[in-house]
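Some features that TrEMBL has for this protein:
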- GLU209: active site (ACT_SITE)
- CYS243: active site (ACT_SITE)
- 18-424: domain 'Aldehyde dehydrogenase' (DOMAIN)
Amino acid sequence: NPYAGLVNNLRASWLSRKTWPREYRMAQLEALGHFLDDKKQEILEATAADMGKPPFEVELSELLLCKNELHETLNNLSHWMKDKQVDRPLATRLDSAFIRKEPYGVVLIIAPWNYPIYLILGPLIGAIAAGNCVIIKPSEVSKNTERLVAEALPHYLDKDCFAVVTGGVQETTRLLENKFDYIFYTGSPSVGRIVMTAAAKHLTPVTLELGGKNPCYVSDTCDVPNVARRVVWGRFFNAGQTCIAPDYLLCTLEMQEKLMPALREAITEFFGPNPQESPDFGRIVGDKQFRRIRALLCSGRVAIGGQTDEAERYIAPTVLVEVQPSDPIMQEEIFGPILPIIIVANMDEAIDFINSRERPLAIYVFSSNDKVVNQVLEQTSSGGFCSNDTLMHVTLTSLPFGGIGNSGLGMYHGKFTFDTFSHCRGCLKRGMGRETLNAPRYPPYSPKKFGIVQATSKVTRKDDCTLL
């Protein structure tokens with residue numbers, strides 16, 4: 001295997017415990033901060049070349065979010081690394097029982113192309129903080145960013161403990177043949193199954209950050225212009241190539257009639273009368289992806305947008321109406337600048353529609369009525385939830401981010417990333433003396449001995465009352 005030597009070298013470094021000291025982890029994390037600062041302009045240029053991503057969107061969704069994760073981790077790493085003391089029953093009251101957070105070992109991070117800096121460095125920050133050695137596999141689809149990461153990042157990190165591997169499907173397949181101690185994958189459910197199958201051969205734990213069709217329910221009681229602006233921003237940010245973008249709207253026919261002019265106005269406000277000329281609207285990352293998304297325009301009827309330019313890989317911000325649940329666009333994650341609207345009679349029908357499909361990565365609901373928001377929250381299931389806005393829940397390092405079911409397995413962001421890449425080692429430290437206290441558990445057994453063991457070892461309900 002072409003990567004066996006690399007994996008073995010990193011495992012040797014990990015076994016030497018080089019990555020374990022807090023000072024080492026902090027130094028490597030600081031180096032990531034220097035990478036972001038030094039290579040900022042090159043990151044802006046690479047992401048613009050890959051998908052026409054506007055500098056504002058790169059600054060927000062790649063650089064700022066990375067810095068937030070980094071600073072959150074640097075501020076709290078000492079506290080996160082501390083052993084956590086746990087409760088003990090009478091039998092072990094004199095002993096020390098604690099949870100120690102230890103690194104898994106050599107971990108693999110496979111990143112996607114749509115946010116090619118943040119979705120590499122976000123997991124990497126937690127993996128370093130937890131004391132692991134790491135192999136990073138950036139996506140070959142965003143080739144300019146892949147080249148930048150492969151050429152520049154190794155100059156900032158310890159080459160004995162961290163490496164970047166490039167390539168496509170064939171290289172990733174061979175990489176996955178090796179035994180890793182943890183695998184973190186972000187991408188599609190179909191490839192997630194392949195990654196999980198490869199991991200199962202070595203009993204390797206995984207985190208799978210996948211996608212899905214995120215519903216957005218708009219109730220009849222809401223501020224229509226605000227809804228339109230927030231939905232347009234979330235749907236067309238990064239030209240719709242966002243795993244947590246609202247994938248389709250659910251609303252009544254009456255609300256659709258109110259929304260259409262507001263959506264049209266918001267698109268014009270954001271991107272001008274011709275979004276193709278706007279410096280703030282991106283492009284589709286590749287020809288294959290462009291053709292797939294363009295084919296989805298046959299669903300329903302184009303009410304806004306619909307223009308395409310294959311030479312530029314441009315697809316206009318588009319809204320589709322008269323869409324049926326059986327249409328092609330409702331069978332897969334769109335991952336592009338198209339927003340279909342599905343008509344429902346009321347909130348209950350919207351909830352039933354959401355629950356009849358795979359559980360999504362995010363659910364959005366817009367309503368001025370808290371009861372509506374709470375009912376959607378309580379009667380549905382998803383990786384994350386956000387009311388009266390889109391995307392914003394992902395910006396909080398204090399909230400876990402991850403999917404459920406078809407949309408993923410595991411979670412990260414902030415301390416949750418550190419925990420994801422840490423093995424919780426349960427530890428009990430006892431002394432050599434006080435052997436008479438252990439005598440009741442030794443044979444020959446008797447009811448009296450068991451009574452003593454039970455009395456000193458059991459966990460009781462707080463409201464239990466024992467009569468002596």
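Backbone N, Cα and C atoms are what each Cβ position is placed from, and that goes for glycine too.
Taking the Cα atom of each, GLU209 (active site) and CYS243 (active site) are about 9 angstrom apart. Annotation for CYS243 (active site): same-chain Cβ neighbours under 8 Å, separated by at least 6 residues, are PRO112, ASN114, THR186, GLU209, LEU210, GLY211, GLY212, GLU333, PHE335, LEU361. Around GLU209 (active site), taking its Cβ as the centre, 27 other Cβ atoms fall within 10 Å, counting all chains.
Across all of the domain 'Aldehyde dehydrogenase' (18-424), the predicted model scores a mean pLDDT of 97.
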